[in-house]
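In what follows, a single structure is set out as structure tokens and then discussed.
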Amino acid sequence: MGFLFGLFIGIAVSFGLVVAFARYSSVRSTRRADLAKTIAAFARMTVQDSRKLLPGDFYPSWVVFSQRQKLNWLNLELEKIWPYVNEAASELIKSSVEPVLEQYTPAMLASLKFSKFTLGTVAPQFTGVSILESESGPNGITMELEMQWDGNPKIVLDVKTLLGVSLPIEVKNIGFTGVFRLIFKPLVDEFPCFGALSYSLREKKGLDFTLKVIGGELTSIPGISDAIEETIRDAIEDSITWPVRKIIPILPGDYSDLELKPVGKLDVKVVQAKDLANKDMIGKSDPYAIVFIRPLPDRTKKTKTISNSLNPIWNEHFEFIVEDVSTQHLTVRVFDDEGVGSSQLIGAAQVPLNELVPGKVKDIWLKLVKDLEIQRDTKNRGQVQLELLYCPLGKEGGLKNPFNPDYSLTILEKVLKPESEDSDATDMKKLVTSKKKDVIVRGVLSVTVVAAEDLPAVDFMGKADAFVVITLKKSETKSKTRVVPDSLNPVWNQTFDFVVEDALHDLLTLEVWDHDKFGKDKIGRVIMTLTRVMLEGEFQEWFELDGAKSGKLCVHLKWTPRLKLRDAS
């Protein structure tokens with residue numbers, strides 16, 4: 001009996017083990033098949049698929065998704081042919097770049113040419129390529145190549161000063177990183193299947209180089225190093241940086257539609273600067289500003305010099321052509337005028353044009369920095385105030401622009417004015433650069449000084465006896481409010497009317513003072529142009545007081561236009 005029971009138990013256990021093993025094998029096979037399917041699915045996934053499926057915090061910090069594909073194969077082939085590219089391209093680049101440098105040669109130099117130019121033995125590395133479907137359109141292909149070059153070229157500049165001194169200057173330690181854009185357009189049914197190639201530097205991520213006088217020191221001649229470096233950077237910035245592009249016809253045809261064309265006009269008023277860094281050992285700086293979108297000599301505007309001031313007021317208006325509002329920017333540089341010597345840079349600032357709303361005035365204060373590319377300057381160099389108004393081409397009639405000559409026309413003159421006058425895109429440059437009639441806008445400006453709040457305490461009792469002086473700078477007319485005693489939050493609600501003879505070039509100043517029996521102390525001020533009130537007709541706003549530790553001033557402005565005249569010049 002015991003034997004039979006043991007036999008039964010043995011058979012049952014063996015059968016159970018066989019069933020369990022078969023079950024396990026089936027489950028394992030199913031899991032392996034599922035895992036193989038999952039791995040195959042992951043293998044077919046693109047980078048975009050993985051970014052959609054998995055959250056951003058799932059990836060470690062060292063994982064970077066690039067929109068560009070690697071080009072190791074191209075770099076290997078480029079290294080092989082680079083010696084031949086160096087021989088073939090050096091002279092071609094030299095002859096092409098020299099005329100560009102001549103356009104940007106600074107006034108302190110008589111000439112700037114190459115005496116030697118070779119690309120060296122180190123080939124550039126293409127780190128990525130991408131096709132821009134959104135930019136290509138149905139009739140073209142747009143490609144972007146990311147390039148890095150730490151080369152060893154042999155570049156020697158022959159620099160001649162106005163005094164006739166010739167200096168051989170070597171450009172060394174060149175490092176460049178950027179993105180080039182290639183446009184194959186239009187697509188045609190004739191080999192090589194595109195009519196022209198356009199190329200441009202879409203993004204300049206980094207450009208470093210050093211200058212050295214062969215057999216001497218560049219610092220021995222003040223200003224030369226900065227002038228040459230600025231010339232090289234400006235030439236690169238304006239000659240091939242997007243939206244500027246070079247067009248190479250591949251097949252015969254008219255490719256004028258690929259050329260850079262104006263898309264609008266930018267009105268810029270350089271109002272003032274404050275708290276500028278002092279560059280003079282004795283006295284104060286003599287600041288002036290230059291403004292440009294493209295740093296061509298005929299497209300760079302310069303204000304007058306304000307002597308011995310760290311808080312200059314210019315209030316000067318300039319006009320600029322805009323070719324690509326999405327990528328271009330306005331640059332302002334403030335210098336200290338040194339007379340016969342070279343000017344010293346106080347600071348610079350930039351405004352992207354894509355931040356501007358067409359037809360709406362943008363009043364902005366910009367912090368000045370030493371280098372616009374590095375942006376690591378912590379030193380206080382001051383601020384500059386700009387007033388910007390962008391008008392797209394073809395929409396001038398629907399947007400109010402007091403700087404436009406049509407703004408000063410009477411209703412009858414607008415009816416009689418021919419439609420075709422300066423309306424085409426090809427006439428935009430002529431319209432902006434030509435000397436046109438000055439626009440004179442007359443009217444009545446009503447200024448209501450409403451109130452102030454949070455004024456700094458200037459009296460011994462912790463109060464202030466505040467009043468406001470209102471001044472129109474050009475007409476030199478003044479008015480002042482009553483004194484509100486013992487208050488840091490005075491309320492005036494007083495209105496003053498001013499007859500303005502030239503509103504576009506006038507400036508409104510409101511100065512808050514503390515009244516004392518033995519004198520008066522200035523608390524702070526607000527300076528503004530009349531452009532906004534001319535466009536909006538009427539507005540009320542709180543303004544921060546410049547020169548004060550704290551405090552704001554509430555002002556209500558109203559503009560009533562009068563007879564508008566045109567002054568022939």
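Using the three backbone atoms N, Cα and C, a Cβ is placed for every residue, glycine included.
According to Swiss-Prot, the protein carries these features:
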BINDING   D459, D514, D516, D521  Ca(2+) 2 binding site
BINDING   D459, D465, D514, D516  Ca(2+) 1 binding site
DOMAIN    67-251  domain 'SMP-LTD'
DOMAIN    245-366  domain 'C2 1'
DOMAIN    426-543  domain 'C2 2'
REGION    229-531  region 'Phospholipid binding'
TRANSMEM  1-21  transmembrane segment
D465 (Ca(2+) 1 binding site) versus binding-site residues D459, D514, D516, D521 - nearest by Cα: D514
Set of same-chain residues at least 6 away whose C-beta sits under 8 angstroms from D516 (Ca(2+) 2 binding site): D459, D465
Which same-chain residues, if any, lie at least 6 apart from D521 (Ca(2+) 2 binding site) yet have Cβ under 8 Å of it: V458, W513, D514
Among D459, D514, the one of these binding-site residues whose Cβ has the fewest neighbouring Cβ atoms within 10 Å: D459
Collapsed DSSP category at D465 (Ca(2+) 1 binding site): coil
Three-state composition of the domain 'C2 2' (426-543), taking helix and strand from DSSP: 17 helix, 63 strand, 38 coil
Other residues, Cβ within 8 Å of D459, D465, D514, D516 Cβ centroid (Ca(2+) 1 site): V458, K463, A464, A466, H515, K520, D521
Residues of the domain 'C2 1' (245-366) by DSSP state, where helix covers H, G and I: 9 helix, 55 strand, 58 coil
